[in-house]
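Quick look at what Swiss-Prot lists:
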- Gly605, Pro606, Asn607, Met608, Gly609, Gly610, Lys611, Ser612: ATP binding site (BINDING)
- 791-840: region 'Disordered' (REGION)
- 827-840: compositional bias 'Basic and acidic residues' (COMPBIAS)
Amino acid sequence: MAQMHTPMMKQYLQIKAKYQDAFLFFRLGDFYEMFNEDAIKAAQELEITLTGRGQGEDRIPMCGVPYHSADSYIARLIDKGYKIAICEQVEDPKTAKGVVKREVTKVLTPGTLMNSKLLAEKENNYLLAFASEGEDGWGIARCDLSTGESDVTLIRGGSAELLQEIAASGVKEAIAPAGLEEELKAKLGEQQGFVVSYEEQEDVPKEYERLINHIQQPLLKRAYGRMLHYLLATQKQSLRHLQQVVFHPADSYLKMDVHAKRNLELVQTLRDKKKSGSLLAVIDQTVTAMGGRLLRQWIERPLVDRKAIAGRQAVVEAFLEHFFEREQLRDCLRQVYDIERLAARIAYGSVNARELVQLKRSLQNIPEIEATLEQVGLGGRWLNQSEQFADLVALMEQSLVDDPPLSLTEGGLIVDGYNEELDAYRDASRNGKQWIAELEQSEREATGIRSLKVGYNRVFGYYIEVTRANAHLLPDGRYERKQTLTNAERYITPELKEKEALILEADEKLADLEYRLFADIRKQVEAYVASLQKLAADISEMDVLAGFASVAEQNGYTKPTITESRDVAIKGGRHPVVETVIKRGSYVENDIDLTGDRDMLLITGPNMGGKSTYMRQLALTVVMAQIGSYVPAAEATLPLFDQIFTRIGAADDLASGQSTFMVEMLETKDALVKATPHSLILLDEIGRGTSTYDGMALAQAIIEYIYETIGAKTLFSTHYHELTRLADSLHTLRNVHVSAVEENGTVVFLHQVIEGAADRSYGVYVAELAGLPKQVTTRAEALLTELEHLPQRPTSASVEQPVDSAKTETAATAEEPQQLSLFPTDEETKPKQPTKKERSVLAKMAEVDVLHLTPLQALEKINEWQKQLNK
């Protein structure tokens, strides 16, 4: 039997049909209600009560959240990646004929939030869209709707490069073409950290062409157009606050892929994904939300422009030379609210009176900020805008009360004296309420009832209340009974009824006029949006650079020299994060020398000795230098790097079914394929995910490839001590090691990196520190002693010859079995005949033209052969 729906439910179902991919928050009075599947899912996600509407088979699942506290529920759903369509009542229920008219006024998605309660203060909330066309690669457009910032970039490559760019961009939502191929759609769906939405239209609407006319590439315009159409569809209003699009050419900043950003823990830690423990946490001494967001952007996109870096360094130096003025400036900046997001909400028409008061207080600090900058010698760099905001500040000072309510419809927003008509209504309301207060006293005297009181509620209006015991004392004829309570009676009189009508009319007109006056003030403020956005950009930059000076002073950083050569020379270098979490003064400083013909350091030494820290230290120093910060070192001379590649740490990629070794090889492949002589490569323990000789052979081949083909500055750590012999034939490679000493059977890690190769790794000692059973570590020590007395095996027969992988095998693969055998038997030393399966794979290997394989194709072949052998 078909369900019989009420007119209201029919309205709900018609609207819901248009928003199948979102929760529909359907406004009913003081609640947002959800029905059917929305209700069931929302009740689970929000842990709220699931009820129902109707009876029996017609019962519809239902749940709801209060309108006034909806933000917290919305935030929880957004955090889980859901979309929410807000359906409001768009006509007054009192005047509605039939069902109240309702419309979806906006769609909230993870990438389109405007409400400051739903946003992280010091993080951008990016939405990204992309477009592609054949071999041209991908056009990427990105926008933070809450600030109005937009940028575009062009990347080359296939779907893997696209996915890396999206992941590295820190976006909350990605907009893909509706007709995206299924394979890429599936890969996008597997990604974590952002949701995927779809939009087909990609032309730039005419009213927004001015924002991107300076950019010629059609691919970028298509991506931007797709993003705009999605924003317009979800926001359902003009996007007047969007700023001119910024084009980021691929070579305009230091590139780091998602692996490098994660491994270096630039903005969050690998383990718990928190800011604490990251580079950002150490150097973020910004005091405004805007400055915090800008610093994060700088860290993720360091400069490659020597002049721009020098400009930032000069400001930091000026702030360091003027301590008192700098701290005075920072005190002023602490009084500045988030002008950038306030400007966006002003343009959006969603700013409230309390936020305009925040803007007023922020602008009142500008003259003092400008005066302080003049004292530091930076008056010409920023601002000089206080005069243009004088009228705006005066408007808000003369119109808005200092502590307005959040609601815009209940009055209390506008100061007395701003509008004559408003003052007249206020006088009427106040005089009427004074008359009411005096009425209570006069009625007590007239009736002799001391407990008589005058009250008010929304249902019955004003009333005179007396106890039942005293009701007989009221004179007949004048008092009309309005309500009977358990212990009291409520009455009205003709005079009270007349005065009530005047008061309520005045209050209603007062609230209506006050809202209209506020809307007019907000409209006048809207004319300043572009200027406010420029002001926000200036304040953000001075905040970041003043913070750089402050952290440099506190942590003893030095100004790096950015050289035009390729030399890297760091004296007394430190890891900026590690030094903050250990006892002050106990951090062991280290030098890094990659000058002259020293391009590559092969780092050996004990586990826990600090090899990975040493490698990350260099990369973080480079990032800090190229964002204009001072660096943790006694002296530092650095070139401009174009890219940083890292392969540090071990991690399976369970989501895509890739092993530790495959992940290791894929990340290494990126470095070998994309690095230039101006890149920095950090490779940690390459080859540990496979057998000893496979790993050693790969490590040597990779070192030789970097030496012969790329020539990039490289730090390569390894436990394969045999590789240290490469320094005899590769003239740009030097051996260094992390030192340790043994005292009375105890190993002391010195964390000092010195020239030369290490002779031991102390792995068994580290196992003891980890708490492995004594029986295990004792046995391991005995086996280690036995192995150390075995005859030395050659490991690098081809070390002194140029490597030709098509013709020459290394000794590691040609002269030994794949894995070291501790206890070989006579039977094990006999050559074994390959199985049928192995012969099949060998035949396929013989057919491969190695010289014409890309590294990725080679990895795919190896993966295919491994699967066949493991069947």
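Every residue gets a Cβ built from N, Cα and C, even glycine.
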Here the binding-site residues are Gly609, Gly610; which one has the lowest number of other Cβ atoms no more than 10 Å from its Cβ? Gly610
On a count of neighbouring CB atoms within 10 A, which of the binding-site residues Gly605, Pro606 is highest? Gly605
Determine the Cβ neighbour count for Ser612 (ATP binding site): the number of other Cβ atoms within 10 Å of its Cβ. 19
Specify the secondary structure state of Gly609 (ATP binding site) as given by DSSP, simplified to three classes. coil
Using all protein chains in view, find how many other C-beta atoms are within 10 Å of the C-beta of Asn607 (ATP binding site). 19
